[in-house]
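If you check TrEMBL, you get these features:
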{"type": "DOMAIN", "residues": "8-106", "note": "domain 'GOLD'"}
{"type": "COILED", "residues": "115-142", "note": "coiled coil"}
{"type": "TRANSMEM", "residues": "164-183", "note": "transmembrane segment"}
Amino acid sequence: FHIGEREEKCIIEDLPSDTLVFGNYKVQRWDIHKHDFLESAPGLGMYVTVSTPSGEVLLSKLYGPQGTFSFTSYLSGEHIICFQSNSTRLLAIAGSKLRLHLDIRVGEHFLDESAVQAKEKVDEVNVRLEHLIEQIQHVSKEQDYEREREEKFRKTSEETNSNILWWAIVQTLMLISVGIWQIKSLRDFFIAKKLV
């Protein structure tokens, strides 16, 4: 996506608790002479800030023009991931656009290739099995989180339906009481004018 040099852009990731999140990004700067996005100039970096659903900051760090960040969610819900460049250029300068390439992977544990090569006794089947077990655990966490969300939604729906029922009963009672009052008032009016 595109972003201004001093603008902050945020994305929202809905995550279950205890989930590992990796993010890779690369920033390119707009060159007004070549009319194209070029590799970033030295010194340009990105502030990456991650906030929990309760507003607590999990990660706030300055990275270079390209980098990798990671965090683990300990609360389930919508986590906000924000990016802002550390540019000191003025907003008035033309062509102050940046292009941000972003890749976010949720629930993946990347295998450290150097560690795998250092352990000559670890065979490929064992590594794949560990990776599959991690994926199964991630799917299980996702299902538990979706069950929690479904239960909250069901409770909210039941409360709303209950409130609607009571509001309908109150409206009906009000209409009946207004109707009775109107009939009584009209009857008293006719008796007072001796029309009945």
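Note: Cβ is positioned from N, Cα and C throughout, glycine not excepted.
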Work out, from DSSP, the number of helix, strand and coil residues along the domain 'GOLD' (8-106). 0 helix, 65 strand, 34 coil
So which residues does the transmembrane segment (164-183) touch in its own chain, when a touch means Cβ under 8 Å and the partner is 6 or more beyond its ends? none
For the domain 'GOLD' (8-106), provide the mean pLDDT of the predicted model. 80
